[in-house]
């Protein structure tokens with residue numbers, strides 16, 4: 001009965017294409033640890049790889065760059081002082097935010113290969129976010145307010161406040177905000193107004209939060225939304241035209257009264273003609289005669 005049951009299981013696994021041999025597994029595929037504390041990454045493999053199976057660990061950071069952690073049975077230089085390899089486990093004595101990423105446990109032996117991925121998240125509370133809020137905006141123009149924290153891990157999410165009141169992510173779902181047209185991106189911290197209006201005037205602040213520690217909020221900055229000052233523009237143009245008219249009148253009056261010098265008539269430049277002479281004078285009469293002259 002028991003044997004027939006094993007045969008049935010084997011036939012089922014064979015028919016479904018599931019192969020239990022040469023497996024590499026982990027008991028925790030998502031490890032979370034506080035910064036500057038230890039972390040354990042687990043990796044076990046089936047006996048099919050043999051007693052001398054080769055186990056290596058590789059690390060892929062958040063940018064996609066790959067580095068060897070365990071190679072040829074030993075920690076590589078960047079990890080030598082804080083990583084120890086045990087049978088079925090990779091132990092960190094201390095982790096930093098630079099250790100955030102994916103770790104791959106690769107096992108090879110008996111001409112077979114297997115691999116398992118373990119994600120490590122280093123918990124770092126958010127810091128004070130950097131907020132950029134314009135202080136003066138013209139009605140009808142698009143406006144972008146930004147907020148970012150580069151320290152928090154996992155990456156923080158963002159919430160905006162106006163006059164110390166939280167702004168809902170989707171204003172259309174709340175009656176008190178149905179006339180607002182702003183857009184909030186909680187992942188990158190941007191608050192955008194496609195067409196700013198006077199009702200958007202207020203003091204804005206942003207909060208960064210994750211599950212590693214208390215949230216942090218930047219200081220509020222007041223943004224004023226004003227109409228275009230058409231009266232000031234028209235007045236400026238009129239003043240400029242009056243100034244040009246007065247300048248033109250002043251130049252005309254000064255010239256008419258003779259205060260400005262008149263242009264002097266041009267006189268022809270003197271011309272000089274030089275006639276060369278012989279070094280020994282006139283050869284016909286043997287006397288020296290001057291044959292050069294200047295004509296002005």
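Positions of Cβ are set from backbone N, Cα and C atoms, glycine also.
Straight from TrEMBL, the features:
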- 264-278: compositional bias 'Polar residues' (COMPBIAS)
- 22-121: domain 'Ig-like' (DOMAIN)
- 126-222: domain 'Ig-like' (DOMAIN)
- 261-296: region 'Disordered' (REGION)
- 1-20: signal peptide (SIGNAL)
- 232-254: transmembrane segment (TRANSMEM)
Residues of the domain 'Ig-like' (22-121) by DSSP state, where helix covers H, G and I: 9 helix, 55 strand, 36 coil
Taken over the domain 'Ig-like' (126-222), the model's mean pLDDT: 95
